[in-house]
Amino acid sequence: MADQLTDEQISEFKEAFSLFDKDGDGCITTKELGTVMRSLGQNPTEAELQDMINEVDADGNGTIDFPEFLNLMARKMKDTDSEEELKEAFRVFDKDQNGFISAAELRHVMTNLGEKLTDEEVDEMIREADVDGDGQINYEEFVKVMMAK
């Protein structure tokens, strides 16, 4: 399934994987998964984290390695219930729930994920998605960007 991904997608997923793989050992543990999810405002139980890992842990060693992560991402991209996932993701970014993602909100989430971005980089991300030029990202613009990935 992962063989249907482009080189660009694989390199983006490698970057995402390294955000989760806090100690850089090539495996995502339940602890690391929990850290990232909590930084995004989620509060999964230990059992839920274990279930998430087990879902993709092909070799049964209790962690997710990069090939397993790629398969998960490839499956997720095929998912038909992505509409709900997109709404959920938008809500994570839209801290004040006003229907828009501001530069400050984008910076906040990216910082929580361990991505230190300059103001220019954040502004560039906003500009790329900001079709109507109002300086923030509405849901339609967010969906366009996410679907283009």
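Going from the start of the chain as shown, residues are counted 1 onward.
Including glycine, each Cβ sits where the backbone N, Cα and C put it.
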Quick check on the annotation: Swiss-Prot has Asp94, Asp96, Asn98 binding Ca(2+) 3, so which of Glu88, Glu105 does it put in that site too? Glu105
Going by Cα-Cα distance, pick out whichever of the binding-site residues Asp25, Glu32, Asp59, Glu141 is nearest to Asn98 (Ca(2+) 3 binding site). Glu141
Same-chain residues at least 6 beyond the ends of the domain 'EF-hand 4' (117-149) with a Cβ under 8 Å from one of its Cβ atoms are 9, 12, 86-87, 89-90, 93, 99-103, 106-107, 110-111
Please identify, among the binding-site residues Asp25, Glu32, Asn61, Glu141, the one with the smallest Cα-Cα distance to Asp96 (Ca(2+) 3 binding site). Glu141
